[in-house]
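*Asks:* Reproduced below are the annotations present in TrEMBL:
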DOMAIN    5-348  domain 'Kinesin motor'
BINDING   G97, Q98, T99, G100, A101, G102, K103, S104  ATP binding site
Amino acid sequence: MAGASVKVAVRVRPFNARETSQDAKCVVSMQGNTTSIINPKQSKDAPKSFTFDYSYWSHTSVEDPQFASQQQVYRDIGEEMLLHAFEGYNVCIFAYGQTGAGKSYTMMGRQEPGQQGIVPQLCEDLFSRVNVNQSAQLSYSVEVSYMEIYCERVRDLLNPKSRGSLRVREHPILGPYVQDLSKLAVTSYADIADLMDCGNKARTVAATNMNETSSRSHAVFTIVFTQRSHDQLTGLDSEKVSKISLVDLAGSERADSSGARGMRLKEGANINKSLTTLGKVISALADLQSKKRKSDFIPYRDSVLTWLLKENLGGNSRTAMIAALSPADINYEETLSTLRYADRTKQIRCNAVINEDPNARLIRELQEEVARLRDLLMAQGLSASALGGRAHTLAVLLPRKPVCSPCLSFFPFAQSWSVWRSTLH
């Protein structure tokens, strides 16, 4: 699974009231996984086309056979990422695009039936699978946190009364984290829904010309999903910990389009700063993959957003990006810029690993190979008499009793396995 590319999808929304009032024309089209855009000022020129993992046509209504619903977006992207989380990988889904392009709708959605976004659908699906898979040998725990990055400062959305911003630090193994951020244990989807509702109410939003409820901050909803299991074959207790990061980015905007003044203008400047840094990080990682970049320095620390997303961009994570698009000709430049960002992002490769105890993993893998080779012996009809004097050696080196302690038994077991394998060959 290591070395997988970032999965990239684009989604175009219907016209909003502002675009309809200005008699906007649709300049975006989709065919299969290809998205094309026409320059309204040079309509005779060939359209610019981009190919992604998914191109979602949500510009029309559900009656349109090509229409991509909230459920379809979740099935394609959310379900896959949740399965990776159950495998033990860190996963991340983030939405990018200009202000008012539909990012928050895709990620959070609405409470009406069929309108839920990726985040609530994934959380509900998580607990559905947990309830089905629970057994005496397998247990689960779930913790959640919710924060916003507002003007380069981190706020705890699950503890909105706390004053001041939280500090970002970096663990030498686990990577960047937010010190003193609330982590609340949950046991059901209802618990998560209540916390999300509380956090969403605490988010910083404001009206601009582009969007009546414009998010003025980046929001990061994090789920720490722990699976504890007991392997009856080896007698080992193992633990896999997955971090699920669900990110709703604030929208890029132009001051002349959004009509931002005063505080709104300052907010927009900070939003654009962090998104510009995100663009630099994406470009640097893409150049690194294509060998165009000599230096491996990536400017993660130039903004709080990119620092916190460090592991999700080129690190230990399975990552998906959803680029939200406006279909309108009046937003042509911003939409083209978003498509170019998305096109660069799909070149990034992450190096995801399963988060489990390395000794326990290696012992489990060795035990599995021992069992496989024992079965191979039996399939070849090799009995103790056929092996002659080596039968006793093999009997000793093929323990059928489980290994109980990874730390105490790892090296003797590895040595025994190596000797036994040589004897077999």
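For all residues, glycine too, the Cβ spot is worked out from N, Cα and C.
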*Asks:* Where does Q98 (ATP binding site) sit by DSSP, helix, strand or coil?
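*Replies:* Assignment for Q98 (ATP binding site) reads strand.
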*Asks:* Neighbour count, 10 Å Cβ-Cβ cut-off, for K103 (ATP binding site): what number do you get?
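*Replies:* Excluding its own Cβ, the number within 10 Å is 27.
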*Asks:* List the residues of the same chain that sit at least 6 positions away from G102 (ATP binding site) in sequence and have their Cβ under 8 Å from its Cβ, in sequence order, or write 'none'.
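*Replies:* Correct list: R11, R13, S58, A324, L325.
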*Asks:* Test of understanding: give the count of other CB atoms lying within 10 angstroms of the CB of S104 (ATP binding site).
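*Replies:* Neighbour count, Cβ to Cβ under the 10 Å cut-off: 26.
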*Asks:* Near T99 (ATP binding site), how many other Cβ atoms are within 10 Å of its Cβ?
*Replies:* 25
*Asks:* Determine, from DSSP, whether S104 (ATP binding site) sits in helix, strand or coil.
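*Replies:* Once the DSSP labels are grouped into three classes, S104 (ATP binding site) ends up as helix.
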